[in-house]
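Reading through the structure tokens given below for one structure.
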2 protein chains.
Amino acid sequence: MTEQELDEMFSTAIEVAKEAGKVIRDGFYKEKTVDTKISAADLVTETDQAIEKMVHAMITKKFPDHRFIGEESTAESGEKHQLTDDPTWIIDPIDGTTNFVNHVQEVSFSLGVMVNKKTVIGVVYAPIKEEMFSARLGKGAYLNSEKLKASDITDLKEAVIIFEGGNSRDAKLLEEKVKNIHALIAHSRGIRAYGSAAVNLCHVAAGRGQGYVEYGLHIWDFIAGALIATEAGAVVLDPTGSDLDPLRQRVLCACSPEVAKALSQILTHIDTGYD
Amino acid sequence: MTEQELDEMFSTAIEVAKEAGKVIRDGFYKEKTVDTKISAADLVTETDQAIEKMVHAMITKKFPDHRFIGEESTAESGEKHQLTDDPTWIIDPIDGTTNFVNHVQEVSFSLGVMVNKKTVIGVVYAPIKEEMFSARLGKGAYLNSEKLKASDITDLKEAVIIFEGGNSRDAKLLEEKVKNIHALIAHSRGIRAYGSAAVNLCHVAAGRGQGYVEYGLHIWDFIAGALIATEAGAVVLDPTGSDLDPLRQRVLCACSPEVAKALSQILTHIDTGYD
């Protein structure tokens, strides 16, 4: 893949994110038709589906031989997505659908591009706050035009950690998550929860908090944000401390290796499955 | 108290909030000298203290016979504050000091005015996001110049609920809080945590979430936000369901009486003391 091809892909990613952002903004204050996937907490809206179709069409037109993984098409087909070495655009039309439905502002469009299973482009656009986060492999991370740098805190006791309760209401999973919340409060300076995995990773990238951990995610929730955080100097790993596996449904992000290690040690590592 | 006097007090409150906001903004990106009060999680900065002195001077100059309760002066004197029937200005110079220190954007200046122990003015200014929330008793609540209306959701299962882990690391208190977090996740659509009580109440006022509950607060954390939420049509109570007692160190806010009642029923009501 040439530098010029990557430039074109990056321009397309930004363009696509802006278009998706317009649709999100239009829908944000309207009455929504809500359908439920797994539980009342996991919401699909017309807007998610409309954005994914639009984005798929835009990308296919420019890069007809690239592959595409989207949250909504995966949910519809019921099939597992396959991650190959081909250039692959990975989309979450609205990360933070619950926020979108309940008028909470942290909603984002998330787009990551992988080549040879390595993320080369990450774009997270939070249109209600007009924040465009972006990164290219080896070229740094940006919020709009401002370069991002993660916090330099190394002691978990001084760190603010982001987590999520998540959408599942499975009793056993919930109990494990609550145990982790307990450990996070006890060992950190405080916890925060915003309801969008992609935004959470960008918060750490921007130094607005020093860590983030979540179990029960999918590749489209975190692949773009993970590159943005990494390019801002943060550490993104599997919560156990091993390399991030994009199909393993979980992510740990910290501003420094020290905070990452401390987080990994206090958490109970939940296995929600493999995509 | 005449309408004209209340108008003057309201203008002063807005003016004071803008001045405090400037100091908060200036300090937000600077290196901070941090001292600890109760635990590493409860931070006092030079900025808190500087704002409180400035605000006290501004108010005393205009209203020399009014009383003043401020977070920092109360902490310094070590005395309990006394709430009388006199006009009383109640200030939190920075609500969300941990956010301020850790570069998280939800920091606010909070100012409530009580007359005959009734809140007549509430102003919460979040200067990093340039959001000025304000309310006068019987006259509605505003975000900048936009009138606020709480969400019309009545079913807790459809509601997003804000909570806080808080600053205390007392093991028993933490266990009770975690039990409540568990109950909140299990019964609501999702939980959020932003790290500023005043901002949390304004989020409910603005329909960005449908409820908020916290134990272990003080009057300056919630008195302004409580009026803003009430004037936006939300319900603000003691978590047990009885009337809010501003010295009781706890608050429950919900977009509707139905959500308030459901929240009250699932929570374990923690008694952290009486101011």
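Glycine is treated like the rest: Cβ placed from N, Cα and C.
Listed features, source TrEMBL:
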- A:GLU71, A:ASP92, A:ILE94, A:ASP95, A:ASP221: Mg(2+) binding site (BINDING)
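Proximity to chain B (CB-CB distance below 8 Å) holds for none of the binding-site residues A:GLU71, A:ASP92, A:ILE94, A:ASP95, A:ASP221. In this structure, the binding-site residues under consideration are A:GLU71, A:ASP92, A:ASP95, and the one with the smallest number of other Cβ atoms within 10 Å of its Cβ is A:GLU71. A helical conformation is recorded for A:ASP221 (Mg(2+) binding site) in the three-state DSSP classification. One way to see the shell of the Mg(2+) site is to take the Cβ centroid of A:GLU71, A:ASP92, A:ILE94, A:ASP95, A:ASP221; the remaining same-chain residues with a Cβ within 8 Å of it are A:ASP48, A:ILE91, A:PRO93, A:GLY96, A:THR97, A:SER108, A:PHE109, A:SER110, A:SER196, A:ALA197, A:ALA198, A:TRP220. For the binding-site residues A:ILE94, A:ASP221, the ranking by surrounding Cβ atoms (within 10 Å, all protein chains) places A:ILE94 first. Under the DSSP three-state reduction, A:GLU71 (Mg(2+) binding site) is assigned to helix.
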